[in-house]
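Positions annotated as domain 'Protein kinase' by TrEMBL: 17-281. According to TrEMBL, the feature ATP binding site maps to Lys46, Glu106, Asp113. Residues or ranges marked as active site, proton acceptor in TrEMBL: Asp153.
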Amino acid sequence: MVRDLEVQQRESGCLILRVPRFQPKISCGSVYGGYRRADNLPVAIKHIPKGNVVWTDTDENGQRLTIEVAAMLKLQTESADSVGKSAPISLLDWYDFNQEQILVLERPVPAVDLSQFVKNNKEPLQENQAKTIIKQLVDAVKHLEDTNIFHRDIKPQNILDMNIKIGDFGLATQLKLPNEKHFTMCGTPNYISPEVATRSAHGLESDVWSLGCMFYAFLMGRPPFDTDTVKHTLSKVVLGDYEMPCHVSLEAQDLIHQLLQKDPTLRPSLSAVRDPQMAALTAAEDL
């Protein structure tokens with residue numbers, strides 16, 4: 001823990017030094033890069049206005065936690081007990097003030113999210129690159145599912161580092177049961193599922209849909225339902241109206257088709273995606 005944290009901009013001797021923000025577009029709040037004074041560890045400092053904070057029940061010590069903090073703590077505990085699991089961004093500490101909550105998070109160096117990586121590439125990713133990334137993403141989201149964490153905002157901007165780390169759990173929720181459903185419309189229009197867009201019952205299958213949108217975006221350079229307006233984008237999402245990329249392998253096309261099934265009950269489980277379909281992708285890559 002870094003309980004001696006002092007967050008300020010007034011003087012260079014503060015324990016956390018702010019530098020220009022490196023990830024301004026998150027679900028709520030602002031993020032700055034900095035360093036922990038004790039050991040010069042790169043950290044991210046996330047400021048969340050109290051109006052955007054959602055509280056959950058108290059923990060075993062009677063401490064009241066936000067949904068984001070509770071989800072990250074649970075994931076870290078599970079990750080520590082699970083060798084080989086994909087780890088989320090680590091929560092180092094958190095502080096509650098009158099007007100805001102501050103989270104101190106692990107900051108990979110370089111702190112590049114996947115949207116910036118694709119943008120820097122200046123063209124869609126090669127299929128073998130996209131396959132490598134989506135395989136890691138499936139493992140990472142499967143780890144969330146195994147921990148009963150429903151992220152609800154899986155998108156390139158929330159994936160840091162090429163050794164995949166999922167961040168921004170501001171919209172995440174902990175499920176009491178794996179088949180638990182929610183009705184709140186939240187997330188990013190280009191990556192939300194039809195059932196979320198229509199405010200219908202939705203659950204972990206919506207994160208599977210988001211993976212399909214991401215795989216498509218890697219291969220095409222844009223999300224499958226992208227338009228000039230949110231209203232039009234949501235209409236295309238609800239209709240499942242997208243053009244299948246014809247320049248990629250049949251195996252990649254099939255995976256996109258499976259992940260972007262309008263009916264959530266027809267989407268494959270992450271276990272199914274990770275095993276036979278990923279094996280097919282790998283086999284195609286080796287030809």
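Including glycine, each Cβ sits where the backbone N, Cα and C put it.
TrEMBL labels come from automatic prediction, so no person has curated them.
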Binding residues Lys46, Glu106, Asp113 (ATP) - maximum C-alpha distance in whole Å: 16
Euclidean distance between Cα atoms of Asp153 (active site, proton acceptor) and Asp113 (ATP binding site), Å: 14
Distance [Cα-Cα, Å, rounded] between Lys46 (ATP binding site) and the residue listed as 'active site, proton acceptor': 17
C-beta crowding around Glu106 (ATP binding site), within 10 angstroms: 19
Other CB atoms within 10 A, centred on Asp153 (active site, proton acceptor): 21
Alpha-carbon distance [Glu106 (ATP binding site); Asp153 (active site, proton acceptor)] in Å: 19
Neighbouring C-beta atoms (10 Å sphere around the C-beta of Lys46 (ATP binding site)): 24
